[in-house]
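Beneath this line is the structure, given in structure tokens, with notes to follow.
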Amino acid sequence: MPEPSISALSFTSFVTNDDKLFEETFNFYTKLGFHATRSYVKDNRSDFELTGISTDSIKEIWLESFPLSEVVETSAGRELRKPLQESVGYQSEALLGYSPYQSDGVVIKLRLSNHDLQKNKDLPGEVTFFTASIDKLRAKLIEIGAEIIPSEIDLVEFSTKDPMGDVISFSSYPSLSSKKITSPDFFLHPKKEVRSQESIVEQVKSEEGKKKIAIITSGGDAPGMNAAVRAVTRAGIFYGCKVYACYEGYTGLVKGGDMLKELQWQDVRGLLSIGGTIIGTARSKEFRERWGRLQACYNMVSNGIDALVVCGGDGSLTGADLFRNEWPELIKELLGEGKITKEQYETHRNLTIVGLVGSIDNDMCGTDSTIGAYSSLERIIELVDYIDATAASHSRAFVVEVMGRHCGWLGLMSGIATGADYIFIPERPPSETNWKDDLKKVCLRHREKGRRKTTVIVAEGAIDDQLNPITSEEVKDVLVEIGLDTRITRLGHVQRGGAPCAFDRFLATVQGVDAVRAVLESTPAIPSPVISILENKIVRQPLVESVAQTKTVSDAIEAKDFDKALKLRDQEFATSYESFLSVSKYDDGSYLVPESSRLNIAIIHVGAPTSALNPATRVATLNSLAKGHRVFAIRNGFAGLIRHGAVRELNWIDVEDWHNTGGSEIGTNRSLPSDDMGTVAYYFQQYKFDGLIIIGGFEAFTALYQLDAARAQYPIFNIPMCCLPATVSNNVPGTEYSLGSDTCLNTLSGYCDAVKQSASASRRRTFVVEVQGGYSGYLASYAGLITGALAVYTPENPINLQTVQEDIELLTRTYEEDDGKNRSGKIFIHNEKASKVYTTDLIAAIIGEAGKGRFESRTAVPGHVQQGKSPSSIDRVNACRLAIKCCNFIEDANFQVKHNANLSADERHLRFFYDDGVKTSAVSGKSSVIDDNTSVVIGIQGSEVTFTPVKQLWEKETHHKWRKGKNVHWEQLNIVSDLLSGRLSIRTT
């Protein structure tokens, strides 16, 4: 009996130098059921992409025939094949012959070479493949016109030739010593349960009762839309709904058919880091017509959908609300025409609409931010930072045009974040007659002070007070008139591109989850909501009112009522505009306070460095100098003051370019005033400080408390003092946000994206990423949410063996559902102090051991890289906002003392007096100077900016041992993260 040439083929390579033959061979094998898993075209690819590629290949396609393997049922009720290394009996001695639970997989590499090839036609290459469906394969080959060649080998059924002339043989025997296999069901283990007709009927009935939700992305694309799609899909599935993607915006709703597709849990894996929207977006003309909305209604009812989550701008949301209002008439019309049944009419007679604002313009009223706005702002400041380098080198001026249509939010915030000299926005247009002169004065004044570059931001909707457009060309001409070498840069659609920033991932995720909850809680009497954010709080606003108020802004601008337009923007818009003027325009001397009210303000950095220390110092300095105050930098923390008396007065030119500088220009460390309180008091008296701003983390908070507690012994500390939290750990009591934490999260999101890419390339690798944060789990919780981590370990939620077992079960289930085809990497996030026992290395080791060859684990520790380099847009904007509020706090407290006619000069200096022998604060009039509320921590809590006395925080709201506040304000992030990773489903089960 002749022996087969190959009995256990797993990989082979076919080569040709004929391009047409290459394509024909590719088509031949795909018709036989092979799938393309990798393609290569000769170009300048990096080395890691060339692994396995032949050096003389012009083009390669790798084809794979996935093995028949053990079938298991997933938690979602789907049946998937297990990979070889997960099958029963893998690595056992029995597998040396063949696995009874998995056939061999095959990889074919097709190569197009640039070399001359000489093939022996008399002795062509020959390979043998196994198939469990020999008759179907024979029929398929006959169908495509392939030659059937009888075999002389007993174990080989027949042969054929591929277009390259290679002989391909087929056998029903997996190996020489095995028995003949005639059905793929042989490999289905355990055996598939035969379902009764009754069970099928019950399933149909149960599915009919499920809420069906469609998700649409409409209008201009925005970074973060994919995160919203992911959140809506997984939250919907978690809450027992069926979720459909409506492709190409409202166009898909009108066309129906394949444009409405149900989404499964794994369909949205890996979307967090992808910009734009994978389900497409379009501005639909058809949906604007009633017939289009009627057809959309029919398509929704036909699919059983009566809830719509719309992610788009004001136009998209307006269309959605109109659709809801017309729905009763539309569905009644469909019933009358006989297109739907009475049962369908009764079931879907009401439409639920929930809006998510996805727009880079941030032009929707009733919310602080829209999905995509801060990613766009991040792109702008990144590009302007690059421009700054060449502008300073050549002493040039740059006019930068940004998007925003009729909203100046991008223009205003980019002006603040980039340290621009001047901005043009539609809400606050300059005088038609004076703007050119005003622009010249500001730019020349800054040049005279020593600035080498000039930056002017122009919003695309910029106008003057007579509604005449102001173009970038006009601005350039004005700057040229004063002798500046000027260039125009239009950033254009690059502002929409790229991966979403950390905040937009967070915003889209939590709003997407709340949108599903809003759908389930909705009744016909509840107006359609739009999910918004005010400070750090997710709220629901009436969609109609938000859209109407947004349109009112445009109407106010058209009516030249610019004050009204400014007020109609979000609550901080007008304040931010004033903040910009205070650091860019008011240095002209027009805002100087009387000499008797001028102060000496000290600024000190305490604790670990973060990226936002310098921007906050810059704004506090420029704002104070504009009013005539003197600003002193205490260098190298309290250690520098105590040891060297390191105090330096800051001038305008010293700080003007600190807006994009990370670290600390004046130096920082963890030293505290308690090291030598007397010396600290001495230097405070020497420089006659009237106020102190301490910028830093928990050490800054501790330093403020120590200074406050020392007031009884050192009256100089009775000055108003403010702690501005700036730490990546976000562990300062009294605030839910700290400067520098957003930069850290952006850095972590990029780091984890890279790690996940590495994990996805190897398919079977999981990374355990260790993040900083001390005993505060904020950073880990937030990072887990925005990176799609399977599990997050924090100090607030103790780790035990059961927790780890559940997470390994989730990991195993995820790999099962991927079936080796999904490229999304898996990561765990582990806080550095989460557990003394279950460390990062131990968690990784446990995962690796539990994998037993099915998957492996690695650790990744970004360390101090997390602090970031250049501050993020959010940190720059908030540094400006909070630093100015700190300055105002110091000014107000001093005003009450210095202008109190009932106090003597000494009492004003001491800031207290004795009333019938009782020591009384000159600020508050309270009987104890310690309780006069002039030692405070500024913070964001809920939807408010607060000033909280440090003593109150220290005594009531601080966990001293763990160096953090008692309020775990980020706990909701863990719940949402667990819900979307599948972790919550396992624990619920």
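Every residue gets a Cβ built from N, Cα and C, even glycine.
For reference, Swiss-Prot has these:
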- ASP361: active site, proton acceptor (ACT_SITE)
- GLY220, ARG283, SER284, GLY313, ASP314, GLY315, SER316: ATP binding site (BINDING)
- ASP314: Mg(2+) binding site (BINDING)
- SER359, ILE360, ASP361, MET403, GLY404, ARG405, GLU460, HIS493, VAL494, GLN495, ARG496: beta-D-fructose 6-phosphate 1 binding site (BINDING)
- ARG396, ARG487: beta-D-fructose 6-phosphate 2 binding site (BINDING)
- ARG670, 727-731, 772-774, GLU832, 864-867, ARG963: beta-D-fructose 2,6-bisphosphate 1 binding site (BINDING)
- ARG765, ARG858: beta-D-fructose 2,6-bisphosphate 2 binding site (BINDING)
- 1-585: region 'N-terminal catalytic PFK domain 1' (REGION)
- 586-599: region 'Interdomain linker' (REGION)
- 600-989: region 'C-terminal regulatory PFK domain 2' (REGION)
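It is GLU460, among the recorded positions ASP314, ASP361, GLU460, whose Cβ has the fewest other Cβ atoms within 10 Å in the structure shown. Mean pLDDT of the predicted structure over the region 'Interdomain linker' (586-599): 92. Spanning the residues SER359, ILE360, ASP361, MET403, GLY404, ARG405, GLU460, HIS493, VAL494, GLN495, ARG496 that the record associates with binding beta-D-fructose 6-phosphate 1, the maximal Cα-Cα distance equals 15 Å. Of all the binding-site residues listed here (GLY315, ASN730, ARG765, GLN772, GLN866), GLN866 has the Cα closest to the Cα of ARG396 (beta-D-fructose 6-phosphate 2 binding site).
In three-state terms derived from DSSP, VAL494 (beta-D-fructose 6-phosphate 1 binding site) belongs to a helical segment. For ASP314 (ATP binding site), the nearest neighbour among the listed binding-site residues (GLU460, ARG487, HIS864), judged by C-alpha distance, is GLU460.
Within the same chain, the residues at least 6 positions away from SER284 (ATP binding site) whose Cβ sits under 8 Å from its Cβ are SER218, GLU248, GLY249, TYR250, THR251, LEU253, VAL254, GLY292, listed in sequence order. Residues near SER316 (ATP binding site) in space but far in sequence (CB under 8 A, at least 6 apart, same chain), listed by position: ILE216, SER218, GLY219, GLY249, TYR250, VAL310. The two recorded residues, GLY313 (ATP binding site) and SER359 (beta-D-fructose 6-phosphate 1 binding site), have Cα atoms 5 Å apart. In the region 'Interdomain linker' (586-599), the DSSP tally of helix, strand and coil residues is 6 helix, 0 strand, 8 coil. DSSP assigns ARG765 (beta-D-fructose 2,6-bisphosphate 2 binding site) to a strand.
When Cβ atoms from all protein chains are considered, those within 10 Å of ARG765 (beta-D-fructose 2,6-bisphosphate 2 binding site) total 19, not counting its own.
The binding-site residues considered are VAL494, VAL728; of these, VAL494 has the fewest other C-beta atoms within 10 angstroms of its C-beta. Spatial neighbours are here defined as Cα atoms within 10 angstroms of one another, and by that definition GLY220 (ATP binding site) has no neighbours among the binding-site residues VAL494, ARG858, HIS864.
The Cβ of GLY315 (ATP binding site) lies under 8 Å from the Cβ of GLY219, ARG283, each of these being in the same chain and 6 or more residues away along the sequence. ARG858 (beta-D-fructose 2,6-bisphosphate 2 binding site) is 19 Å away from GLN866 (beta-D-fructose 2,6-bisphosphate 1 binding site) when you measure Cα to Cα. ARG858 (beta-D-fructose 2,6-bisphosphate 2 binding site) falls within a strand when secondary structure is assigned with DSSP.
Recorded residues ARG670 (beta-D-fructose 2,6-bisphosphate 1 binding site) and ARG858 (beta-D-fructose 2,6-bisphosphate 2 binding site) have their alpha carbons 33 Å apart, per Cα-Cα distance.
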